[in-house]
Each structure stands twice: as structure tokens, then as C-alpha cells.
Amino acid sequence: MAKRDYYEVLGLSKGASKEEIKRAYKKLSKKYHPDINKEADAEDKFKEIAEAYEVLSDDQKKAQYDQFGHAGMGQGAGFGGQDFGGFGGFEDIFSSFFGGGARRDPNAPRQGNDLQYQMNVTFEEAVFGAEKEISVKKEVECDTCDGSGAQPGTNIKTCSTCGGRGNVHVEQNTPFGRVRSERTCPDCGGTGKEFEEKCSDCGGTGRKVKTVKISVKVPAGVDTGQQIRLSGQGEPGINGGPAGDLYVVFNVQDHAYFDRSGEDIFYTLELSIAQAALGDEVEVPTLEGKVKLTIPAGTQTGKRFRLKEKGVQNVHGYGRGDEYVTVKVMTPVKMTNRQAELLREFAEIDGHDITEQPSNFFDKTKRFFKGE
């Protein structure tokens, strides 16, 4: 199978800058990373993107590729025999030079580009689900020319330079001698079309950039990094092809007092020394409101209670997580004289001879002037 053009893989033109190449690689590699994208061909696309970037990000390799195409990546082209994998055999090299193999019809329908949108949602929206409206800046079909690229009332002709093929034959000297290869037509840009007059609104592209409002249903239980696909909400297709898709990636904001890990949530319960020592019945917050929790006498800091199925529901509907309540016993910082006196009595009964210490500089100063 003939390899795709590296610039095409990254969605770029041949004159793309280093920054454009890097930006395209970061966007596409994130989109097709096998850990994020679970589609069957995601891994193959990810490898193809990485291979294209490896060549186009290196000045020497890029220059060789720009001159000789995929054939320039072989061992005879000065790369020290580096194996890029999947480049095919000797037939593929000559196929790329002499125009063998399948050619893409410039007028064939092609699917539009996919888009990605980073969406912030509150903790509650992620837990319970929500419906929100987002504004996406994207290319849409030009409504003046209906996507044709031609000024209304004018004709579209077959490109006189390439005869509608979208490519032209070029002869050049290579390590294999003088060969004939194919290049994108410089006059029609590969479309195979020639406009009598380009659309005054879109300049002949058939597209315009607009900010479009799209309704998004946030699934209950969604977490940071998870995404949904909105079919057909990407960029418009080419030559009547289907539109691309829009991938919405969620970022869940922090909650005031709940932490989350997967479907489980965590809450820190502060107790006084008396509550922890004597036990108590307290109210703790859950996702649906407050519930009563019994604290046994002698509870220590770090003690964890489990509230079964009080966590977040699984985003796919497979059950629900738990809520974990962790105790933190709070030592009093400011006490009345009576409170301090009772603690001294407790220490004495408990058999502890305590050497009291001031809590801060002002207490030290106060005790100094009192002669303590």
C-alpha cells in the first residue's frame, strides 16, 4: 500500500513552517493517542503521525523528503540505513517516482477535518450530568457560493494546467538518474478546477470561519480527560464528502470540600478532642445532602468511614462509587481559662506531668512579664 504524503498526514501544505509542523503534530498526536482514542485505527494513525513528524521536524531529512519524496528515506539516500518501518520494497520506491499505484481523484468526496474542544465543567455538572452550550470557532461552508468557491453566476472550468487531474508531471535528477514524478498542480492547488471568478466572500475556498453554538450533553459521571464525539460537528467535507467530528474533552473543576478519584469521593471530617474521645453522632455532606454518621468513642485522626454507594455513578452506567469520610481531630488553639484548667486536670488524672509551652511570641512575652 502506497504511503501517504507526510504533509498530508499532518494536514499541512509543503511550505509549512517548523512551528506549524510542531503545532499540527501536537494536536494530532493527542487526538489519536491510543490511551485516549479507542477507535480501531487510532494506533496506526498515531504511528503514521509520529513518522511524519520525525522526518519533517529534521531539516536534513525534510530537505531530502521534499526533493525525493518517500524514496529519499531509503538507505541509499544518505540516512545511514535508519529503518522507518513500513516503507515497502523496491517496487514502492519506483512507484513513487514513476507515478505507479493509485492516484487520488482531486474531485472525489473527502471527509472534513475533526476538531477538538476543551470544556470546563463544575464538579456538580460532572457528577449529575448537564446540558450546556459551547461556542466553537470553525470553518463552515460558504453560504454565498454554497461551498463551490465560485462567484455566483460564474462558471467553474477544468484546470487547463493539469487537465483536472490535480497534479502535474515533473522531471528531475535523482540518485537513480533523471526520473519523472508527480506534483500537486501549482495553479489549482490539487483541486483540478479553475474559476472564471472566485467567490468574493470566501476567496475561492468555499469556506468561511464562523463561531458556531453547539449544544453538548455532559454525561453523568464524566471525569477530567474523558471525551465524547459529536458526529458531523467538525469541519465541512470536501467535494460533498461528510463533515468531520467534534471531540469534546472535559476538564472537571475542583469542589470546595470533596475530592474525587474515579467514582469514589472523599471528605475530611473535623472533630473536637471531646467528640473524638467520647464519641458523637454528626452530620456529614454527601452528593444528595447530609446524612448522620456515628463516631465511636476513642476515634483517632486518620480513621476512615465508608458510605457505600454515596459516590459518583459510573459514566457508562456500571454501578456507583463510595464516599470515604476521614477523621481529623482538631487540637484547640485558643482556650478559655476553664478549658485549660479542665485539660490540666485530665492530664493529672491520666498521670502525665506536663510542662506547658506558650503557643506564640506574645504568649511568651506575657508569661515573661508575669514572672512565669
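Just so it is clear, glycine is given a Cβ too, placed from its N, Cα and C backbone atoms.
Residues annotated as domain 'J' in Swiss-Prot: 5-69. Sequence annotations record features per position, and here Swiss-Prot assigns zinc finger to 129-211. Under the heading repeat 'CXXCXGXG motif', Swiss-Prot lists 142-149, 159-166, 185-192, 199-206. According to Swiss-Prot, the Zn(2+) 1 binding site annotation covers Cys142, Cys145, Cys199, Cys202, on the basis of sequence analysis. Summarising the annotation, Swiss-Prot assigns Zn(2+) 2 binding site to Cys159, Cys162, Cys185, Cys188 and lists sequence analysis as the type of evidence.
Feature map: Swiss-Prot annotations on the structure.
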residue	record	DSSP class
Cys142	Zn(2+) 1 binding site	coil
Cys159	Zn(2+) 2 binding site	coil
Cys185	Zn(2+) 2 binding site	coil
Cys199	Zn(2+) 1 binding site	coil
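Considering only the binding-site residues Cys145, Cys199, Cys202, Cys159 (Zn(2+) 2 binding site) has Cys199 as its nearest partner by CA-CA distance.
In sequence order, Gln151, Pro152, Cys199, Asp201, Cys202, Gly206 make up the list of same-chain residues 6 or more apart from Cys145 (Zn(2+) 1 binding site) whose Cβ falls under 8 Å from its Cβ.
Of the recorded residues, Cys142 (Zn(2+) 1 binding site) and Cys188 (Zn(2+) 2 binding site) place their C-alpha atoms 19 Å from one another.
Excluding the listed site residues Cys142, Cys145, Cys199, Cys202, the same chain places Thr144, Asp146, Gly147, Ser148, Gly149, Ala150, Gln151, Lys198, Ser200, Asp201, Gly203, Gly204, Thr205, Gly206, Arg207, Lys208 with Cβ atoms within 8 Å of the centre of the Zn(2+) 1 site Cβ atoms.
Model confidence over the repeat 'CXXCXGXG motif' (199-206) is summarised by a mean pLDDT of 87.
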